[in-house]
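Here is what Swiss-Prot says about this protein:
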type	residues	note
DISULFID	CYS41-CYS57	disulfide bond
DISULFID	CYS100-CYS103	disulfide bond
DISULFID	CYS140-CYS206	disulfide bond
DISULFID	CYS171-CYS187	disulfide bond
DISULFID	CYS196-CYS227	disulfide bond
DOMAIN	12-251	domain 'Peptidase S1'
Amino acid sequence: FSQPFSRPSSRVVNGEDAVPYSWSWQVSLQYEKDGAFHHTCGGSLIAPDWVVTAGHCISTSRTYQVVLGEYDRSVLEGSEQVIPINAGDLFVHPLWNSNCVACGNDIALVKLSRSAQLGDKVQLANLPPAGDILPNEAPCYISGWGRLYTGGPLPDKLQQALLPVVDYEHCSQWDWWGITVKKTMVCAGGDTRSGCNGDSGGPLNCPAADGSWQVHGVTSFVSAFGCNTIKKPTVFTRVSAFIDWIDETIASN
């Protein structure tokens with residue numbers, strides 16, 4: 001990231017332990033280095049064999065696996081499903097440019113080498129209808145295993161934090177994110193209420209009218225001045241702006 005204003009967002013700060021398996025579509029995306037796999041990003045299971053994550057999480061030179069049904073990373077709980085990713089099954093949005101995170105399109109799809117086994121601890125995320133826009137202050141939750149504070153450790157247990165949505169009208173004001181934020185993004189947080197942000201690539205979970213949860217955002221970036229910077233909410237790729245691309249990519253692969 002060459003931009004002075006942003007960096008990959010990788011923490012839930014001032015969050016809380018999630019209820020185990022409550023965000024049952026949350027995955028850990030891990031890359032291989034020196035014979036071991038390391039957590040790098042979050043993601044959401046949107047089909048039995050497809051995960052959505054952030055474009056900046058993917059490097060085509062790396063080998064990845066996905067862990068589903070995870071809660072406490074330090075314990076083998078028996079619910080985990082570890083699924084390898086084949087090299088040709090990483091689909092980063094064609095307009096993603098790693099030198100311009102503010103340009104948007106920070107989204108990628110990962111095809112699993114086999115289908116997940118769905119159950120109470122591994123479920124599919126619901127996606128919003130195309131074009132759906134959240135109202136200001138919508139009570140969304142971020143989730144992830146990101147760092148607990150800047151430069152700090154990764155937590156063992158999945159964290160969550162309430163991040164109210166900041167609508168485009170507010171988030172694009174000059175003293176907030178200004179022109180950095182685009183209409184294809186969602187802002188949430190930006191004050192001290194909930195602290196910070198979750199793993200890059202992970203979900204912004206928002207309640208739908210029927211009481212279910214929908215993944216409205218893919219965690220993209222935060223302020224370089226730190227996590228819970230006033231008027232610098234966490235910025236997410238707006239999933240409802242990319243429904244067509246998601247559908248087309250899955251259908252053709």
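Using N, Cα and C of the backbone, Cβ positions are placed for all residues, glycine too.
The structure displayed is predicted, hence computed values, not measured ones.
Features per Swiss-Prot, on structure.
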residue: CYS41; record: disulfide bond; DSSP class: strand
residue: CYS57; record: disulfide bond; DSSP class: helix
residue: CYS100; record: disulfide bond; DSSP class: coil
residue: CYS140; record: disulfide bond; DSSP class: strand
residue: CYS171; record: disulfide bond; DSSP class: helix
residue: CYS187; record: disulfide bond; DSSP class: strand
residue: CYS206; record: disulfide bond; DSSP class: strand
- [ ] Measure from the Cβ of CYS140 (disulfide bond) and count the other Cβ atoms within 10 Å, all protein chains considered.
- [x] 26
- [ ] Tell me, if you would, which residue among CYS103, CYS206 (disulfide-bonded residues) has the fewest other CB atoms within 10 Å in the structure shown?
- [x] CYS103
Task: Which of CYS41, CYS57, CYS100, CYS171, all disulfide-bonded residues, has a Cβ with the fewest other Cβ atoms inside 10 Å - done: CYS100
Open item on the list: Validating a neighbour-count step here. Other CB atoms within 10 A of the CB of CYS187 (disulfide bond): how many?
Closed with: 27
TODO: Compute the average pLDDT of the predicted model within the domain 'Peptidase S1' (12-251).
DONE: 92
- [ ] Could you state the whole-number distance in Å separating the C-alpha atoms of CYS100 (disulfide bond) and CYS187 (disulfide bond)?
- [x] 18
